[in-house]
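The following features are taken from Swiss-Prot:
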DOMAIN    12-47  domain 'EF-hand 1'
BINDING   Asp25, Asn27, Asn29, Glu36  Ca(2+) 1 binding site
DOMAIN    52-87  domain 'EF-hand 2'
BINDING   Asp65, Asn67, Asp69, Lys71, Glu76  Ca(2+) 2 binding site
MOD_RES   Ser268  phosphoserine
MOD_RES   Ser293  phosphoserine
MOD_RES   Ser326  phosphoserine
MOD_RES   Ser339  phosphoserine
Amino acid sequence: MDEMATTQISKDELDELKEAFAKVDLNSNGFICDYELHELFKEANMPLPGYKVREIIQKLMVDGDRNKDGKISFNEFVYIFQEVKSSDIAKTFRKAINRKEGICALGGTSELSSEGTQHSYSEEEKYAFVNWINKALENDPDCRHVIPMNPNTDDLFKAVGDGIVLCKMINLSVPDTIDERAINKKKLTPFIIQENLNLALNSASAIGCHVVNIGAEDLRAGKPHLVLGLLWQIIKIGLFADIELSRNEALAALLRDGETLEELMKLSPEELLLRWANFHLENSGWQKINNFSADIKDSKAYFHLLNQIAPKGQKEGEPRIDINMSGFNETDDLKRAESMLQQADKLGCRQFVTPADVVSGNPKLNLAFVANLFNKYPALTKPENQDIDWTLLEGETREERTFRNWMNSLGVNPHVNHLYADLQDALVILQLYERIKVPVDWSKVNKPPYPKLGANMKKLENCNYAVELGKNPAKFSLVGIGGQDLNDGNPTLTLAVVWQLMRRYTLNVLEDLGEGQKANDDIIVNWVNRTLSEAGKSTSIQSFKDKTISSSLAVVDLIDAIQPGCINYDLVKSGNLTEDDKHNNAKYAVSMARRIGARVYALPEDLVEVKPKMVMTVFACLMGRGMKRV
């Protein structure tokens, strides 16, 4: 495309377009493809029939994709906004982007800013998140310097600037992610703040937050849309942690006639929440809802839900809480919503939404409101049904969780909730190939929504293509692995593919830093030992299976060699170590690695148990950080 199109745009407009582009480009590969457009319209929650959305996307791809490579580059995106500005299609596209979380109003045109959708969206999120964080951290002595924040000012954007609140919120969502001993709480110089923000961002990444576009400087500057985007991911991970069958067997009460436990386990947390709300609504004789936006605007479903889940005082030591339904017949929507929220308050669940958020059907905040209700009062009984195979509910292994978090942190779409079920159409695997510089021909890929008939065939074709790419050009070892195995969700064989993707991703980072020199296990081990001895450390490693790694001393020493003086050796145990000592060392080592800027996905247990694959990623990430020393 010629440069002409971008010349008449002001720098501010160009920055806004870049920001908008990043919001649509979910996997951050620099291009927008049609499934990302589908996702955009789905998230924007616009009152458009499905065929209309498909029509708009088709038109955008035809008009925007000028070099016909099946995707829209940034220049083509700019062209859409300039040349197609006045068309209805472009207006709808703009509206969808403005409704997606964020803060800039595209193009700065009066029609857009007068709608004010964007600004008011994030104001509401800010208000909701501030109240949630205030409550969560009200008794934490380390946060007294910023808590409570005023939800009506910009307190939040200043409060996250030193990294402490972010670290605390990450630990509330996934306990023990960050070793408290690694958080700098005193004498907060700019350098020390930078370390806290590294720790927060790399830990957020390790629990599955997509932080590719966020840097420590963005958080220090309190950039609102980035702060809110990151906080929402952290809060959501915490809210959704228990909406999962292996952690909450009573969810099996939501099984429908003829449905297997396996089918129920494939649902996302959002789908399970909707199923849960409808289970209680059916029991109350009220109609079902299809979403947490348009269908809850009148608060009537919420009244019935609260009435169903409120404790009836029948169990030992359970206080009875009566829900007053008189507000149900209030004629004014806002007053009805306020009356409903007063009842939610009796349950200690007046969180995330204001009456206006309910009436406007804000999907994100209403989802959070319902998730919080579920966590406090699920009101489900585990079925004593004989024909349920409870052995299926083993829950994911640590390794599976690490792989899943790694994928999600790279921004794959759809979000991976269940490692095997969510990879059965290979879309996520194909996106990961792009991340490891294996080109994917997206015109060969079948994308959802799949047809009712033959859906599995379409998914299998994708899986076959994924295996084909793995053999060549990726040169993976895939002996005995076929597309059918991915499509079946075969755990061992799917893991074999996923591990090779993660390994290649890790090595690519090193090769980029080492001017393209090939990296492998021996090179990493040699670098580790050389760096340790040059820093005068007595530790060394033979290989990634070396049993001495279980003390984490080699990792701790390597961190101190990369950034001299950063380790507080008073906190590190050596000599004859108990299991607790080993675990404490490993926890400190992983957090300190993240604090000095290494994006470590492995868990402390991986070091203690010397899991060679994960140990390799730890040393490779540290080598990457070590090579960045200027």
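Sequential numbering from 1, following the chain as shown.
Each Cβ is built from the backbone N, Cα and C atoms, and glycine gets one as well.
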Inter-residue Cα distance where the pair is Asn29 (Ca(2+) 1 binding site) and Asp69 (Ca(2+) 2 binding site), in Å: 14
Top Cα neighbour of Ser293 (phosphoserine) in the set of binding-site residues Asp25, Asn67, Glu76: Asp25
Cβ-centroid neighbourhood (8 Å) of the Ca(2+) 2 site, Asp65, Asn67, Asp69, Lys71, Glu76 excluded: Phe31, Gly64, Arg66, Lys68, Gly70, Ile72, Ser73
For the Ca(2+) 1 site built from Asp25, Asn27, Asn29, Glu36, further residues of that chain with CB within 8 A of the site's CB center: Val24, Leu26, Ser28, Gly30, Phe31, Ile32, Cys33, Gly411, Asn413, Gln431
DSSP residue counts for the domain 'EF-hand 1' (12-47), split into helix, strand and coil: 24 helix, 1 strand, 11 coil
DSSP helix/strand/coil residue counts for the domain 'EF-hand 2' (52-87): 23 helix, 1 strand, 12 coil
Residue among recorded positions Asn29, Ser268, Ser293, Ser326, Ser339 with least C-beta crowding, 10 angstrom cut-off: Ser326
Candidate recorded positions Asp25, Asn27, Ser326, pick with smallest Cα gap to Glu76 (Ca(2+) 2 binding site): Asp25
Cβ atoms near Asp69 (Ca(2+) 2 binding site) (within 10 Å, other residues, all chains): 14
Cα distance (Å, whole number) from Ser268 (phosphoserine) to Glu36 (Ca(2+) 1 binding site): 19
In the chain carrying Lys71 (Ca(2+) 2 binding site), residues 6 or more apart in sequence that have Cβ under 8 angstroms from it: Phe31, Ile32, Cys33, Asp65, Trp442
Close recorded positions near Ser339 (phosphoserine), where close means Cα within 10 Å, chosen from Asp25, Asn27, Asn29, Ser326: Ser326
Segment-level pLDDT (mean, integer) for the domain 'EF-hand 2' (52-87): 75
Ser268 (phosphoserine) to Asn27 (Ca(2+) 1 binding site) - Cα separation in whole Å: 20
